Amino acid sequence: MDAPTLTNSSSWGPIGEASSTILADDLNLIASTTINGMAYGVSLPLFFICFQELLRRVKSARAQRHQIFFTLGYIFLLFLFATLYIATDSYQARLAYVNNRNYPLGEAAYDQAIFFLPVSVMGLFAYFAVNWLTDAIMIWRLYIVYGGGRMAKFVTALPALIFLASFATSCATLNKSISISLSFWTDVAPKFVLAYYSITIAFTILCTILLVGRLLYFRHQTRKVLGSSSTSHYLGVAAMIVESAALYTVWGILFLVLYIINNPAQYLFLASLASVQTIALLLIVIRVNRGTAWQRNTTLNLSTEAFGGSTARNASGVNLKMSVMTTKDSISNPGKSKEFGTESDLVAHDMEHGSAI
């Protein structure tokens, strides 16, 4: 028998462990370190970009400073929870792979079994907090994109109910997961975890469909009247992906499928869910702050841009048939779109007696 060497990996490999256990340990370690770190590394500069641009607006804005400060506080709280989550996740990886690496069932199993520890409870709460904050913003974006009127209230009613169900389920999941011998992957907790992830991802899918559907409708209508050039900032493919938080939707679906079939690849998506949510929200905030996100009076602004700031009429003086895209709020408060502490710089001029655009 050959003597053990550094190049003979079989001499130093795990002894008596199943290949599935080794694979789970491998993917869990990569998820807790590399994947999580990469996702957080993307969210970090986005946070500083948002923070810097909002601070610049505080200095230049004459009004709405309280809204800007609210947005600053909101994204700071979001990033704080995202940072807390990645810190606790990294600490748990250290406990599993360094301090307790001889755990009989493997490091990944140990990482799953310690959800009752205070550090794990803190990380789980931080993850849920990120989810609550991002879901609340998704409802707000739905309300804005659908015009802020009766239709918007009707459309956001179901997502709001699902959000409340998600909040209640997350609290129940937190309660069950902090009990000794119960964690995400035991016989009891998965009932709550599967329910929670199913509800919250269903919420995200629903919001994404509603947002993309609305934006596609606007895209079709405005291109018929104004052409494609006037809609590129608001209704391009990249814009719709950002506006609808499609990145997190896809990420969440992949995790849920892998979790249901108990595939160890679930770790790759679970560890970075909080950071992906943070990225999705910060991208929306950046677009809103720069005036490229869809706002309540965006359709009105597009029409006035296309016709040189005058009333949107064609050459023969006939009103353009765009009333279906002009919200009640846009007519009554032209140029006063207030979202995340921003105010539209595009102001509609010469509104004649509230006529439809």
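Glycine is no exception: its Cβ is also placed from the backbone N, Cα and C atoms.
Now, the feature entries from TrEMBL:
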TRANSMEM  37-55  transmembrane segment
TRANSMEM  67-87  transmembrane segment
TRANSMEM  113-133  transmembrane segment
TRANSMEM  154-175  transmembrane segment
TRANSMEM  195-217  transmembrane segment
TRANSMEM  237-261  transmembrane segment
TRANSMEM  267-286  transmembrane segment
Proximity verdict for the transmembrane segment (113-133) and the transmembrane segment (37-55), three or more C-beta pairs under 8 Å: no
Candidates 67-87, 195-217, 267-286; stretch with most C-beta pairs under 8 Å toward the transmembrane segment (37-55): 267-286
Contact yes or no, the transmembrane segment (267-286) and the transmembrane segment (67-87), 3+ Cβ pairs under 8 Å, gap 6+: yes
